[in-house]
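Participant: Mind looking over this structure? Questions follow.
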Amino acid sequence: MSHTGAPAISLQPDIAILNRLRAIQPLLLSLVGLVAAVVMFAWWFPALGRALPDGWQLMKFNTALGMALCSLSLHLSGRGGRRRMRGAALAALLTVMLALSALGMHAWGGGLGLETLFAGDAESSRPGLMSLQTASYLLLAAVVALLIRQRKSRFSSLADALTGVLLTTCLVVLAGYVFGAARLFGQEAEVRTSPHTLACMLILAFVAVARRSEYGYFSVIVALGLGSKMARMLAPVALLLPFLLAYIAAHGAARGLMASPYALALSTTLTSLVFFLLVVLMARRINELENDLRDLSLKDELTGLFNRRGCYLLGEQSLRDARRARSTLSVLYFDLNHLKRVNDELGHDAGDRLLCEMVSVMKLGLRANDILARLGGDEFVAVIRGDLHESRRVVRRLRETARARAANSPLEQGVSFSVGSAASGEPGADTFDGLVRLADQRMYAQKQAFRRGLEPADDAAGPGLAMNG
Ligand SMILES: Nc1nc2c(ncn2[C@@H]2O[C@H](COP(=O)(O)OP(=O)(O)OP(=O)(O)O)[C@@H](O)[C@H]2O)c(=O)[nH]1
């Protein structure tokens with residue numbers, strides 16, 4: 001949270017993504033409703049069943065009803081209204097009862113009497129009974145649907161945790177399906193999850209995650225921050241790529257293209273490699289971000305020089321180094337002349353150009369390892385190795401450079417500034433801040449003289465220097 005109490009900008013949701021997710025949900029839920037309705041009608045009307053592709057019967061009537069109710073519940077809870085919310089809760093509760101009934105039947109051979117509402121598949125070992133994994137999934141999905149709009153408190157965390165478990169269940173069932181592990185959850189092969197049931201499961205889990213991203217922990221997926229953008233980009237890769245690689249390996253082995261241990265070794269190596277690349281990618285991006293943040297906090301945007309914070313950070317370190325090396329450090333404090341006039345008469349852009357021209361003059365006249373900073377407005381600082389004689393030489397060089405480059409300045413006579421300098425070891429310059437203050441005072445004295453129309457010689461009036469071009 002920022003000090004204003006509002007969430008930091010990077011944690012705020014990306015409205016465009018939220019809107020896209022909201023727009024797609026009714027479509028997806030209708031698709032689940034349609035599949036469920038077709039299957040339910042096919043159980044009722046055998047003629048319709050015969051017209052459907054083989055395998056539709058793998059979705060039991062109760063499963064189809066549970067999916068339809070779950071999708072209805074998520075649909076109704078999507079938007080306001082107490083009546084809609086009551087309808088959503090009722091649909092979710094009915095799903096809970098259907099699922100509990102089936103689970104009871106699997107666990108101890110007796111349910112709530114709802115476990116086989118339409119047992120048209122008499123030849124199956126358990127006619128009309130949904131599989132254990134489907135019943136577990138529907139129970140979870142229904143509870144998530146009941147809690148889907150929880151914003152605060154423990155219930156919001158519970159809703160997020162259960163959504164995570166729901167997603168995990170989907171992945172387990174998907175893995176069971178892709179790799180033919182029909183006995184996952186201890187099931188017989190004939191009560192395995194059908195592709196259309198799996199599709200409905202994945203869609204409902206996706207909608208649950210999308211909905212939770214508006215309220216709880218999953219909001220990280222839709223936030224504006226760079227981390228969220230990265231998550232949106234990498235999550236599909238992280239979730240699906242291991243499946244794809246393992247699937248290719250398993251099928252390669254099944255078709256005799258490669259012995260099974262080799263296929264396993266290859267897919268594991270590729271998966272490790274891909275995840276390693278993802279980690280490297282993330283590390284690079286985070287480092288770049290850290291660099292940008294450091295630049296933002298230590299540098300001045302207009303000129304690219306260090307700002308006050310950067311100047312003090314490096315200046316204090318340089319002063320410590322200079323003391324250890326028994327050398328002298330000097331600070332030159334510059335104040336541009338006429339910036340206000342240039343702003344007023346020629347515009348703010350011309351004022352900015354004058355500031356940038358000052359930076360060019362400083363860069364040309366100073367060494368690459370000198371510290372250059374803009375403390376704010378039209379005030380600049382240079383931290384150099386050397387005493388006050390060296391400072392004077394630097395100022396003379398800068399003045400010449402400024403005159404030589406007059407054509408680049410919005411002012412006819414070129415960039416013009418007042419400057420004061422102070423060297424370590426002088427009284428009152430024990431600390432870096434002391435050095436800056438002393439140089440500033442001397443600059444100010446010279447500025448006053450300049451305003452009175454005086455033009456002091458480089459070494460007149462002690463260490464303070466002023467020049468106007
Ligand atoms: N264009 C521009 N102007 C700025 C920027 N930062 C501060 N200023 C303006 O710079 C002016 C600085 O004020 P002064 O120090 O009185 O300006 P000056 O004309 O140089 O006055 P003297 O120092 O007496 O010569 C103010 O008008 C500020 O609004 C900036 O980033 N760009």
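Every residue, even glycine, has its Cβ placed from backbone N, Cα and C.
Pasting the feature list from TrEMBL:
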{"type": "DOMAIN", "residues": "327-459", "note": "domain 'GGDEF'"}
{"type": "TRANSMEM", "residues": "27-46", "note": "transmembrane segment"}
{"type": "TRANSMEM", "residues": "58-76", "note": "transmembrane segment"}
{"type": "TRANSMEM", "residues": "88-108", "note": "transmembrane segment"}
{"type": "TRANSMEM", "residues": "128-149", "note": "transmembrane segment"}
{"type": "TRANSMEM", "residues": "161-182", "note": "transmembrane segment"}
{"type": "TRANSMEM", "residues": "194-210", "note": "transmembrane segment"}
{"type": "TRANSMEM", "residues": "231-250", "note": "transmembrane segment"}
{"type": "TRANSMEM", "residues": "262-283", "note": "transmembrane segment"}
Participant: Could you please provide the mean pLDDT value for the domain 'GGDEF' (327-459)?
Facilitator: 90
Participant: Using DSSP, what's the helix, strand and coil tally for the domain 'GGDEF' (327-459)?
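Facilitator: So the counts come to 66 helix, 28 strand, 39 coil.
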Participant: Please work out which recorded stretch in 58-76, 128-149, 161-182, 194-210 has the most C-beta pairs separated by under 8 angstroms from the transmembrane segment (27-46)?
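Facilitator: Out of the listed stretches, 58-76 contacts the transmembrane segment (27-46) most.
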